[in-house]
Ligand code: EPZ
């Protein structure tokens, strides 16, 4: 297994091209199950998670092809299986979202439950309730969801008790071929949901309201092929913006949708960095001097994203003052705190709140990545730290950040990947 070694204390200077969004790409890949025509996805990030989804789709009988560095083709004239086994689903939770498309196409499916996850219990009850409302019969058997929908799924009114990105996407994927109209109320409004709806509509689906709380889907009998470009990754963009704000320097992000990070820019500016937004680029500049403390409160989109909470904490961990960070989405998403503490941060966790008392500097230490975004916060802290930080378990990073050491290296970071022995 590899580890990342960073010699910190050098400001970042340069351009970083933002890749396609992991959290959109893996859901977009599932649309190939809904048609016998070819799907071509461009601006695809090459990540461990897209590979995991590719493995599952191949198992189901989809022909998965890679063309050049960032184009993927998916073609399923017919499927060879409607079972998603535990070994393929446990690697990545979003693979569970093949359940609805399999039901829509094959009228039956057997999909492993994704199980728990380091950042919280993460149940799938809302997904299953949505499918049941659409007429699916669902049983749980030895860790598997065994579902059938003879005669196909039917449109339904589904009101989510709270906002769930995954359940909204799963309901969308399931409803496009259902008979009649489906109405989703209290739907998630993330840009990745709009991206999925745009792709499905280009295939012939009839979805209106994606990006708003109420989404209407008029079922159609058939969907065709499509070529679709994956939306830029707002979390990758936010992570590098926070890297520049934490380590100092001047970094220009390109191929970015800055309107997807409206909750982040004012807070980075409040922390003391200069943010310049322009068409598809963002320039982040921070000189010497400590950042200002800033409180954050994670919320569903358009609020501050939970997927940037750890990286923001690495920034305000160096602030001249105290910041309160409240995590509202996941109950156990502070695992980076003990690791940042090993680098000298002063953080006290009380339930869903972390009290971060800024310290003048981080000092390098061996640390361990605990989940994808937590790993990114350790990288950002390592870029600012005095000395050589060693981050192990970087397979978490490879799930969601394309060529992170190359992209940061191009900005002058002294970062390398080495075998961990
Ligand atoms: C998506 O997860 C993202 N993952 C997460 O990113 C992201 O943190 C999260 O949305 C919130 O923005 C992908 O897109 C692959 P939810 P998801 O359903 O869909 C609870 C990353 O690092 N819940 O919106 O799983 C759940 O436990 C990942 O890229 C239920 O109780 O998130 C959580 O507390 C991490 N029952 C809350 O809702 C359900 O049936 C929101 O989860 C579903 C969810």
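Glycine is no exception: its Cβ is also placed from the backbone N, Cα and C atoms.
Just so you know, TrEMBL annotations never went through curation; they're auto-generated.
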Task: Figure out which of 307, 320, 346 sits with 93, 122, 123, 124, 125, 126, 329 in the UDP-N-acetyl-alpha-D-glucosamine site per TrEMBL.
output: 307
Query: For the binding-site residues 22, 93, 122, which one has its C-beta crowded by the most other C-beta atoms within 10 angstroms?
result: 22
Field: Neighbouring C-beta atoms (10 Å sphere around the C-beta of residue 124 (UDP-N-acetyl-alpha-D-glucosamine binding site))
entry: 21
Query: Counting other CB atoms within 10 A of each CB, which of the binding-site residues 125, 307 comes out lowest?
result: 125
- prompt: Hey, does DSSP put residue 307 (UDP-N-acetyl-alpha-D-glucosamine binding site) in a helix, a strand, or just coil?
  reply: helix
Message: I'd like to know which of the binding-site residues 23, 126, 329 has the most other Cβ atoms within 10 Å of its Cβ.
response: 23
Query: Expressed to the nearest Å, what is the distance separating residue 123 (UDP-N-acetyl-alpha-D-glucosamine binding site) and residue 22 (phosphoenolpyruvate binding site) at their Cα atoms?
result: 21
